[in-house]
Amino acid sequence: MNQGGLATKNGGSGSGAVGVQIQQSRRLPDFLQSVNLKYVKLGYHYLISNLLTLCFVPLIAVISIEVSQMNLDDLRQLWLHLQYNLVSIIICSAILVFGLTVYIMTRPRAVYLVDYACYRAPDHFKAPYGRFMEHSRLTGDFDESSLEFQRKILERSGLGEETYVPRAMHNIPPTPSMAAAREEAEEVMFGALDILFRNTNVNPKDIGILVVNCSLFNPTPSLSAMIVSKYKLRGNIRSFNLGGMGCSAGVIAVDLAKDLLQVHRNTYAVVVSTENITQNWYFGNKKSMLIPNCLFRVGGSAVLLSNKSKDRRRAKYKLIHVVRTHRGADDKAFRCVYQEQDDAGKTGVSLSKDLMAIAGGALKTNITTLGPLVLPISEQLLFFSTLLVKKLFNASVKPYIPDFKLAFDHFCIHAGGRAVIDELEKNLQLLPIHVEASRMTLHRFGNTSSSSIWYELAYIEAKGRMRKRNRVWQIAFGSGFKCNSAVWQALRNVKPSCNGPWEDCIDNYPVKIST
């Protein structure tokens, strides 16, 4: 529960952009501009991206013509020539075999995402606006100014009427005990894992690696130990418990599991991502610490990864890249999401007014690293050329923003709040359909912290949009301050798994969200 402040900004700017588009659509198009921007650029991208192939075509054609003109005498002479150079051929063959062997033994092992599951709380845990505000008033902990502030945040948040809060927060007064926090953790983690094991038919004893991430609830024994105890996992399991790493910890957990799967052969890794609300609800009146109450909701995910080659046939995705960015060396970035006590001694998570600017800087660093790994060569050349012109000639050239839509088919932007989705849609020049999964996840489930990117992926699957070889970009922000990305490639036309979070409500979405 940390970067909820990303949602405090009013997302009304999107309506202005829509209005501009409507006005422009009423005029006749500028066909010259249309040709320049659409067809010429499309041809340029195709030419540059396929440059090596186009260069090899003439070479292959020449070789084919030469071979077709050879007769039996030419072939006999070639064979005699090879016989006289037998030693050279054997040495070259040995080097080739040795090189291939070294490559096969040292190349990174493929990591497959077999399946994943998201927890959905029972209906009696739902917290519609009216009930949320009434319970906040009845606790007696909030003054009128704080209640009005929470009401405004809820109205602008992008959350719908069906998000969930834990059992303890439905009581009046709330009962945020250690026992209640453990109960919430068990319900979420075990709920997601039960679905995962049932859908994949994997025996829990076959799990070799377990990584659990939860920022603000880290009891003893740990959450990972709770899972080992519940499912009777084997004694030599490599288990890890990540705490305090914010809403981007889900990508960090995947990265850790990926590294472990490079070392340990033929095994499964399970990554569990969740957040715990029960003991981290803020009962004070400091505005910057009230925002998480309005945004964070119950949720969690469980992901099954494998490095077994046989699992490629049934896996949904293959992990392509993980890029992690940490801005903790900067003091403002380090303290922009900070757990502390207010003047009355009440604990909560404080959000800095500089949060959006810091998040923007972290995003810039992350995509600068990610871009060369995923963008077509054409986009990289355009970006580099404009940068070179600006540096050499000190020209007032606007920096070229790479078109990430050429690299990715789907975007899973952490549903931290309305503002972060708005800003990424604007800065990355995305279309509404590209951020639809993020907006609808925020509306239906709220900010579920590090697990939100999996609810978004489930939305895309439930809509039937995931096709073979599609690339997915998961991007999340977290305290510290961090921005982390994961890139996946679909191995088949992916259908939603049984008991998915959108199973009985996907036809109701997308919904129109008031501004």
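Using N, Cα and C of the backbone, Cβ positions are placed for all residues, glycine too.
Just so you know, TrEMBL annotations never went through curation; they're auto-generated.
Features of the protein shown, as given by TrEMBL:
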TRANSMEM  44-65  transmembrane segment
TRANSMEM  86-105  transmembrane segment
DOMAIN    103-392  domain 'FAE'
ACT_SITE  Cys247  active site
ACT_SITE  His326  active site
DOMAIN    409-489  domain 'Beta-ketoacyl-[acyl-carrier-protein] synthase III C-terminal'
ACT_SITE  His410  active site
ACT_SITE  His414  active site
ACT_SITE  His443  active site
ACT_SITE  Asn447  active site
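This view paints the features noted in TrEMBL onto the structure.
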{"residue": "His326", "record": "active site", "contacts (Cβ under 8 Å, 6+ apart)": "Gly480, Phe481, Lys482"}
{"residue": "His410", "record": "active site", "contacts (Cβ under 8 Å, 6+ apart)": "His434, Ala437, Leu457, Ile460, Arg465, Met466, Asn470, Arg471, Val472, Trp473"}
{"residue": "His414", "record": "active site", "contacts (Cβ under 8 Å, 6+ apart)": "Cys247, Ser248, Val420, Ser438, Ser452, Ile453, Ile475, Ala476, Phe477"}
{"residue": "His443", "record": "active site", "contacts (Cβ under 8 Å, 6+ apart)": "Gly158, Leu159, Gly160, Tyr509, Val511, Ile513"}
Do you know which of the active-site residues Cys247, Asn447 has the most other C-beta atoms within 10 angstroms of its C-beta? Cys247
Tally of residues which DSSP labels helix, strand or coil - the domain 'Beta-ketoacyl-[acyl-carrier-protein] synthase III C-terminal' (409-489): 37 helix, 21 strand, 23 coil
Can you tell me the mean pLDDT for the domain 'FAE' (103-392)? 94
